[in-house]
Amino acid sequence: MSIIDLNKQEKNKILNAIFFPSLFVLVISVVHALQYFLNYNWFHYGIYPLRVENLSGIILSVFIHGDFNHLFNNAIPLLILGTSLFYFYKEVALKVIVWIILMGGVWTWISAREAYHTGASGLIYGLFAFLMISGFIRRNTQLISLSFFVVLVYGSMVWGIFPIKLNISFEAHFWGFISGIVLAVYYRKQGPQKVVYEWPEEEGENEENAYWKINQPPKQSKREINYIFKPKEDVEEKS
């Protein structure tokens, strides 16, 4: 395969990885634009804990944002973390996103404060945790580098799982984070794994003429020696 083919293949891989995160960001942007320009307020489609009529918010809440600042703060990490997920873990990427939304949403619905919880930040925390933990679990050099990159860029997000600012849904952050860790462990056997290197066998090398046997002395042929025993008395009689 030529260098041109490799570059083209890598370009296609990057474009495929960025497609779904870009589409997701486009959808949540359109939803918020409609809400803004049509003067709607769709916060009631979010998660309201322990209200059966708000169970749909487990899924819908990720598409609803309070203002453009809220939307922008979520859009950038969604693009970066989402693209990283689809580039390095394409086999499980979509399943990871769906399960983060469902698991984090259900636990937020069960345990959060009595208020409407909206936004995609829970999903972001799940992606952050998954990418951070997966590299170390799989012990793949490339994925460990990605884990360090994620920690370096977004490590300060960890403070968001604590109740520091009461107007922020730290519960959604916390359960999204926990969901990401659980999924990193659950899918540890799927996708890229630790690379195991093997020394290539040289042409013509086999057990019979391996290098450690080349200078060995030739095998000695077995000699059979038979002894004849004659009693001493017989010898004296013949003399």
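In case you wondered, yes, glycine gets a Cβ from its N, Cα and C as well.
Database features (TrEMBL):
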- 55-189: domain 'Peptidase S54 rhomboid' (DOMAIN)
- 14-38: transmembrane segment (TRANSMEM)
- 92-110: transmembrane segment (TRANSMEM)
- 116-136: transmembrane segment (TRANSMEM)
- 143-162: transmembrane segment (TRANSMEM)
- 168-187: transmembrane segment (TRANSMEM)
Next item on the list: Would you mind listing the long-range same-chain contacts of the transmembrane segment (116-136), meaning Cβ under 8 Å and 6+ residues beyond its ends?
Entry: 28, 43-49, 57, 61-66, 70, 74, 77-78, 81-82, 84-85, 88-89, 96-97, 100-101, 104-105, 108, 143-148, 150-151, 154, 157, 160-161, 169, 171-181, 183-185, 187-188, 191
Margin query: Using Cβ atoms and a strict cutoff of less than 8 Å, what residues sit near the transmembrane segment (143-162) while being 6 or more residues removed from its termini?
Written below: 77, 80-81, 84, 88, 121, 124-125, 128, 131-136, 168, 170, 173-174, 177, 192
Item checked: Composition by DSSP (helix, strand, coil) of residues within the domain 'Peptidase S54 rhomboid' (55-189) -> 103 helix, 1 strand, 31 coil
